[in-house]
Amino acid sequence: MSNDRPLTHSEAESSALRLGRNPGLQVRHDEVERSLLTPMLQHYAELKDAYPHALLLYRVGDFYETFFQDACTVARELELVLTGKEGGKEVGRVAMAGIPHHALERYCRTLIEKGYAIAICDQVEDPAQAQGLVKREVTQVFTPGTVLDTELLQPRRNNFLAAVVLSGNHWGLAYADVSTGEFCTTQGSDRADLVAELNRLQPAEILLPTEAPDINRVLRPGEGKDQLPPELPPQWCYTLRSPEDFQAAAARQRLCQRFQVKSLEGFGCEHLPLALRAAGGLVAYLDETHRQQPVPLQNLSTYSLQQYLFLDPQTRRNLELTQTVRDGSFQGSLLWAIDRTATAMGGRLLRRWLLQPLLDIEEITARQDAIAELMANSSLRQSLHRHLQEIYDLERLAGRAGSGTANARDLAALRDSFRTLVSLAAVVANTSSPYLQALAQLPPVIEQLADTLSAALVDQPPTSLSEGGILRPGAYPELDQQRQQIEQDQQWILNLEAQERQRTGISTLKVGYTKVFGYYLSVSRAKLNQVPDDYIRKQTLTNEERFITAELKEREARLLAAQSHLFELEYQYFVQLREQVAAQASTIREIAAAVAAVDALLGLAEVALYQGYCRPQLTRDRQLCIRGGRHPVVEQTLPAGFFVPNDTQLGTGADLMVLTGPNASGKSCYLRQVGLIQLLAQMGSYVPATSATLGICDRIFTRVGAVDDLATGQSTFMVEMNETANILNHAGDRSLVLLDEIGRGTATFDGLAIAWSVAEYLATILKSRTIFATHYHELNQLATLLPNVANYQVVVKELPNEIIFLHQVKPGGADRSYGIEAGRLAGLPAVVIQRAREVMCQIEKHSRITVGLRKSSMGDPPTAPEINQGELPF
């Protein structure tokens, strides 16, 4: 049962039963006669009609309550008790679940992470002053991709909202992070590239135009697969949208209106119709979900996938860039190994650099130069790190100010960050890198805002904007006058107790206050005969009587009115202050980008310095030469000096390396190591090696291990073949291909035939720089037949009763895999090991593989193996 489709009676009742409640509760608001509901529930039902695909959280006193089918969903997802509320005399009890108002953010985060949209209905008038039903309105709509509240976001990850437009095999993609303002669009002609880009972005929500009648339905992860194009994985949250929002003319008009321009030429998407339509549809959705206050977006940026090193989903997964394959954890990933950033902005940017490596050598060199300058100056590094730790998330704070949702603490965080930036500008004044100089040239408005906010805000303001205490005394004369009047009235009340004790002779008389009755004079029952005539009885208690006087009520009324006026005035001045900041949101975000870049580069410099990385030389040829290369993650998990470095040479003689060696000897680690070094180099980082000269690579492909894909009914071997086909259909001579164990998921000789053919195709047709790890030692024959193939092995040291893995990659092919020895080390029973050795002897005696020379169907002289298997006697 989910909120994004109507519930059947049986589903609702079974949900109630599972939650241990009476299944007689009303759970469908659209199946109840509206006029029979209580006035509050009638209003709830009307709002639910307006927001049918969102969970409606309805403020009632100190709780946000949900009713009917939403209550069932909220109770299940948040593991709350499903209870009931009286719905009307003829209706009975309706399903209800509630959450305390102070826990709203925590519960909303859980629901959003589960893919739900949420509509927040708040009380917009004081219940004490309400005539009848308290006035309520939907004040916020949260969807997974439109969240602005920092409490609902992960600090070091973007929260992208994406929009996709499909036309045949062509596609358009736009994405935005409403919390940072980033807004980008692109288009392409291969849907596989679209899926790869979505995998890079990991959007929280994807907008998809559809002709289906259920517009605005939210498909939570894993739901509604039949409503998605087959290429789009159901692992994400999709929102179905009307195609009208994605029409070219409407999209162009909407974008021009948003950015106050007459043409989109300056944004680079004027002649990219699918990209333009996707961007326009995304803006339409934001206009709908943020009606009260538009989301401030940066200018639309158009990019091409051809600007960056392409990484398909399998490569990102196999290289464990942001999470491990084993358990999906961050620790053990490449990002974990290199992230030393001090700010959330820097963390997000480093992730983007890692997933979007560069092709432009000049851009790469600029990052390398900055890292080199930082590595050479320890005092600069220390000072930068100290300052960066004091800078808050400027990108998201600017977004909250621009959207009118920033509170006083947000502005205080900006104030403190601006002060730090002024100091930081002096630190980098004498640097040479453009990245560092971007912080030296601080716009004057930043220092002006720092002064303005410092003069206006108290040092540690409260988060609430409705209770005062935000603005500094002396900043606003009108506020000071109000405060003075309030202080005088408060002092009069403080003095009243002593005055009345003296006037009445009642030594135990006290002045008290309650929210219900206000200020009062308390007299014990034993002293009632001393009460003067001007006292007005207000309340009788067991041991005391409470009174008021006309003057006390007058002072109280004046005090409360003055306090209310003070709060209103203070809020008005605060809003003006927030608008001053909002007017500079784009400038603040530009500075934020510069801070993030310096933070990311400083972290990379720290890693390079303390892990012993070298500066790679990037070239435009096909050379891949690594001396003393190391795996950047594995070496950090081992004691210092334990990792065995290895060399790699491709592209200047051999294009394809056939890598053989025992199980568990480190072949897979070596493959990943080479891929990670190439990737780190193209993101502008130093690399874990003694030296490295690397030709720019346009794509990295990996096929390392495979498992059954139960969701699509594909076997391990079929998954392997699909991944291999993708590589052979997209790789070129500037690609890096890393293959591990092609053909092992089928019969031995079928697998060998496929492995031989794939290796031959890569070497002779594609000429990709390739490392081909295999246990098919017959592939070593390729090196004798093809000039651009070389054999390497991971060597071991053989002792009488064991082997020692040396983890060294040396020229030459191995003739054994030591699989039985690996089984022994893994703990297989001795009888099994002995029998395996007997069977191996028989296989070696009776099975032979001969290689016959013949013309290859792929061209010139390579050979294919001719396999003959004798009858085996076991």
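Placed from the backbone N, Cα and C atoms, the Cβ positions cover glycine too.
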According to Swiss-Prot, region 'Disordered' applies to one of these ranges: 1-20, 21-40, 481-500. Which one is it?
1-20
Looking at 224-244, 854-874, I want to know which stretch Swiss-Prot calls region 'Disordered'.
854-874
Lys667 (ATP binding site) in three-state DSSP notation:
helix
Taking the center of the Cβ atoms of Gly661, Pro662, Asn663, Ala664, Ser665, Gly666, Lys667, Ser668 at the recorded ATP site, which other residues in this chain have a Cβ no more than 8 Å from that point?
Val794, Phe805
So among the binding-site residues Gly661, Gly666, who's got the most Cβ atoms within 10 Å?
Gly661
Asn663, Ser665, Ser668: which of these binding-site residues has the highest Cβ count within 10 Å of its own Cβ?
Ser665
